[in-house]
Amino acid sequence: MKFAYRFSNLLGAVYRQGNLNFSKDGNAVISPVGNRISVFDLKNNSSETLPVSTTKNISCVGVSPDGNLAVVVDEDGAALLISLITRAVLHHFHFHKPVSSIRFSPDGRRFVVTKENVALMYHAPGKRREFNAFVLDKSYYGPYDETTCIDWTDDSKCFVVGSKDMSTWVFGAERWANLIYYSLGGHKDVIVGCFFEKDSLDLYTVSQDGTLCVWESDTELDGLVLRKTRDRPEDEEDEEEGTRTEGDQGEVIRGKVETPRERERTKNVRYKQISKHFFNKEGDFNNLTAAAFHKPTHILVTGFSSGIFHLHELPEFNLIHSLSISDQRITSVAINCSGDWIGFGCSRMGQLLVWEWQSESYVFKQQGHFNNMASLTYSPDGQYIVTGGDDGKVKVWNTNSGLCFVTFTEHTSSVTSVTFTSSGFVIVSASLDGTVRAFDLHRYRNFRTFTSPRPAQFSSLAVDVSGELVSAGAQDSFEIFLWSMQTGRLLEVLGGHEGPVSSLCFSPVQSILASASWDRTVRLWDMLDSWQVKETLPLTSDGLSVSYRPDGQEVAVATLNGEISFWNPQTATQTGSVSGRHDLQTGRKETDKVTAKQTAKGKSFTSLCYSADGESILAGGQSKFVCIYNVKEQLLMKKFEISCNLSFDAMEEFLDRRKMTEFGSLALVDDGTGDGDGVNISLPGVRRGDMSSRHFKPEIRVSSLRFSPTGRSWAATTTEGLLVYSLDGSLVFDPYDLDLDVTPASIRKQLRLQDWASAVVLAFRLNENALKQEVLETVPHEQIPLVCSSLPDVYVEKLLGFVASCLEKSGHLQFYLTWAQNLLMLHGQKLKNRSGSILPTLQALQKSIQRHFDNLSKLCDFNMYNIRYATALSKQRGLKRSAEEEEEDEDQSEEMSEASLEDAEMML
């Protein structure tokens, strides 16, 4: 179970390319990120990456109207049918050509796929089991160029397709007598969007040059007549052969020019253009790149290449508002079911925005690193992950929600390393801009900036256990700089290395700094003895990475020859080594002249990290594999393939021979230059956006690895993004001390006999999470101290770890806190003696308690202000009531006095 880590979440990237979709309730955004799908819950402010992936980057996603199914298509046309409920792949299919768009009908019975100049209508998969989930119903031919967009009428009777040949085609989904196909012109550029009006055949078409055409139909949806299949004239049958043919791939419908004879025979549906509007003002020219229309509210949203979007009310074309959200082109636009929230995706910046147009505020705003991520680190409690990228940004991610909540942009060049101090509230980052900066997580500001006397590019960073000493290694001057965190002053410059300093690491228990360099040495510097070199460890090759074991009794070093060597820092002797070059299994790049086997001789591990218990080590480098080795046995325990995305370079061991010619690989030909994005040559004076960007395939690699302090997960910064792998205990059956009499029936029998302690022990021997939770929650609250005191020592740590995991998700907060408190109070001294082994369990418990504390403290503060407001309001109302009662008493007394006077007068 120790190595049963599974892919958990993808952080660091929120959108790459493709179309955005909202969930059925409109509270979640479904976003394609590379070859994976991420779901962002806007209500609960959390994200989830589905455990499915395609072989290449996803180009389009279609979601069924009931929100249960999604069809995901990659760049090559390979499709996956995914259940959004079970997160499982239901069916594989291949369209054999790139697909531009996919759209389900509103009734959920069909979906249309556009590829090249064809629109293919399939029967949507239903609830019954089928051998072939994708059954082709009809093929529609009409446009002469590639199709771009689709829209359906509300009753699913017709659909419209836009094309790059500047035409729009309306097709009937059934055998309509008066509408088989209809072609619309009127545009001078590529059609970006075409939309039906609500419950009508009226159309809106939008083109790339910023033109909107409004089309009116002379027929209502109820006026569509089904074609009769019997008693047809022979000449009509002959003519229909030109339009409909039955084949192995379903019915084929071809658009053709209508003859006057056909026009007289039936009164076909006719369209006329009633108005034409232009988005671009005089002098401005922005390509319209994305559009979406919300039928109930008649709101049209259009995105442009300059990052501006417009909101118009149709058909009057009234501008509601216009806003610039980026300086790059808007790639995708989507509107949720209520029409309140608008989602925008910008592929070049990796941005995902959700805008509420009525209040003019952001509901969701996330952006990944623009370039590759270079480093990462976990906070001491495991709640946060900090990443540094080549774009000079430092981002802090919440591991529970998967979202970035703060970004620091003070660096002006690539961030090479980031780390937390032991307090967990200070982030330190090193950059190639010659500065090391410290950021405060309380006030979100840069409160310290460390610099060197001479400009230097810092490539490595380390902070000691106390958080007082900050060290950074320079790659150009071969020196190590030491600063004081409190004063910000430079304390010492450590010289002695004869090559660039590639990695630094402080001992977790002593003030000793280990530095690895390209001069084939690792030096141990004593911070308490005048910063002298305590030991020098000779290496067989250039040192690339160094890491201390959590107990400080061992040092691991990765070298350029692909080896990992283990050293005892006290005696400066080597205790073992692992040759990992064969485990990297690098692929062959498309530009490589040699095979992958020859290329692997030059590859090595560039990042190392010990697990929380120190028994295993995580290694990654210039490959798509991450390896876990057992340190004691020096054996490979497991390899993780971080990506299967063939859109990256160096993914396959052998090149595709079908793409090889006598002039080289066809994959190197940039045939997509200039398509859709405009001219790829930068013009003089261009200020907004770079039109000269080229298409390239990034190479897959792992730049940094870190284990979570809780030991339950590890993270890797890769070309694909920040990947998080965690232990999924619910899918692994791992019994402990199992016997024949340990069964669920015997455990429940002990519960009925109220023998709580033996029931808990038996449940942990069977080790099924659901049963363990059932047993714990059955134990009466007052019996918890007695059960904890009678537990054998071997089960105390297991129970504490299970309580920590339950506390994170369960709502029984006081109940599980009582378990944790009694376990720590009654067995505290024994646990303290084994503090090294149970440290990850205690950190997981601390993380759970801290999370609940943060949530409840906000809620309590909010309730406290509400109670104060309510009491102040009640006092004010009480004062008003007392004043009113006094007035009534005075009125009554006056009335009584007047009545008594009248009585006296009567008596007189």
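Glycine too: its Cβ is placed from the backbone N, Cα and C atoms.
Unlike curated records, TrEMBL annotations are generated automatically.
The compositional bias 'Basic and acidic residues' feature in TrEMBL is assigned to 242-258.
Look at TrEMBL and you will find 884-908 tagged as compositional bias 'Acidic residues'.
Residues or ranges marked as domain 'Small-subunit processome Utp12' in TrEMBL: 767-870.
What TrEMBL records for 226-258 (among others) is region 'Disordered'.
Taken from TrEMBL, the feature region 'Disordered' applies to 878-908 (among others).
The annotation repeat 'WD' is assigned in TrEMBL to 184-216 (among others). Long-range Cβ contacts of the repeat 'WD' (184-216) within its own chain (Cβ-Cβ under 8 Å, at least 6 residues beyond either end) map to 148-155, 158, 160-164, 166-170, 269, 271-280, 285-293, 295-296, 298, 300, 302, 304, 312, 314-315, 317, 676.
Per-residue confidence over the repeat 'WD' (366-407) averages out at a pLDDT of 90. Per TrEMBL, repeat 'WD' is recorded for 366-407 (among others).
Annotation source TrEMBL lists repeat 'WD' at 408-449 (among others). Note: the repeat 'WD' (408-449) comprises 0 helix, 24 strand, 18 coil (DSSP; helix = H, G, I, strand = E, B).
Within the chain, the repeat 'WD' (494-527) has long-range Cβ neighbours (under 8 A, six or more residues past its boundaries) at 459-466, 469, 471-476, 478-482, 533-548, 550-552, 555, 557, 559, 567, 569, 572. What TrEMBL records for 494-527 (among others) is repeat 'WD'.
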Helix-strand-coil residue split for the domain 'Small-subunit processome Utp12' (767-870), DSSP-based: 93 helix, 0 strand, 11 coil
